[in-house]
Amino acid sequence: MGMQCNTKLLLPVALIPVVIILIGTLVPILLHEQKKAFYWRLFLQSQHVEAPITVTQGDTVYLDASNNPCNYSSFWYHGNCELCGWNGYLRNVTHYYTNTSCSPQFMCINETKGLQLYNVTLNDSGAYTEHVYECDLSCNITTYNEYEILNYFDNCNYTINSTKHIITVVSSRHSKQTNSHVSTHAGWAAAVVTVIMIYVLIHFNVPATLRHKLRTRNNVNRIA
């Protein structure tokens, strides 16, 4: 009888470590899947956005990365030329790759995964598109070794978000002409408003002045 009781007690005790191991294994997986689902909904809110921008020749333009939770899956393109992206051949995988063969003068911002265009010319007008790829990466990449990260980046092949910045570069002369036109229109508007105000003042004040003169003349005649 005593042996049967001990056996019944040992079975739940033996199951406790198994339950703890299962919980320790399943909870991180469930949390990770929940986080992925949240980011997926976040990305879909701004999928395929177009943002028009007008700048003057010689300006510097900063293009921020869109909502990308860990900033490890953004790639920038100008036409068919990849400006910024991840280079699998770099030993330090936390740095952005800059493709110097592309025509605009630009710099890839490693900290924000954004793009900076400097000293823009008229030829730099066009679409600059940021593609965000789905990568099964945690926010802390130090948990992966180099080869694991490169394998993950090789599998980042599904675009879930893209932002197209349509940049129009205008010449400084055009900008000055525009400012001149704005100033001219503002001057004409001020002149018209002034004329209207003078007309209103004259219209209301002249009859009042005449009435005052007539009243004064009548008073003089009565006294006489």
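Note: Cβ is positioned from N, Cα and C throughout, glycine not excepted.
According to Swiss-Prot, the features are:
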- ASN71: N-linked glycosylation site (CARBOHYD)
- ASN92: N-linked glycosylation site (CARBOHYD)
- ASN99: N-linked glycosylation site (CARBOHYD)
- ASN110: N-linked glycosylation site (CARBOHYD)
- ASN119: N-linked glycosylation site (CARBOHYD)
- ASN123: N-linked glycosylation site (CARBOHYD)
- ASN140: N-linked glycosylation site (CARBOHYD)
- ASN157: N-linked glycosylation site (CARBOHYD)
- ASN161: N-linked glycosylation site (CARBOHYD)
- 1-25: signal peptide (SIGNAL)
- 186-206: transmembrane segment (TRANSMEM)
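When the glycosylation sites ASN99, ASN110, ASN119, ASN123, ASN161 are compared by the number of other CB atoms within 10 angstroms of each CB, ASN123 has the fewest. DSSP classifies ASN110 (N-linked glycosylation site) as coil under the three-state reduction.
If you measure from the Cα atom of ASN99 (N-linked glycosylation site) to that of ASN110 (N-linked glycosylation site), you get 14 Å. In this structure the alpha carbons, written CA, of ASN161 (N-linked glycosylation site) and ASN123 (N-linked glycosylation site) are 27 Å apart.
In this structure, ASN161 (N-linked glycosylation site) is part of a beta strand by DSSP. In the three-state DSSP scheme, ASN119 (N-linked glycosylation site) falls into the coil class.
The two recorded residues, ASN123 (N-linked glycosylation site) and ASN110 (N-linked glycosylation site), show a Cα separation of 26 Å. For the pair ASN110 (N-linked glycosylation site) and ASN119 (N-linked glycosylation site), the Cα-Cα distance reads 20 Å.
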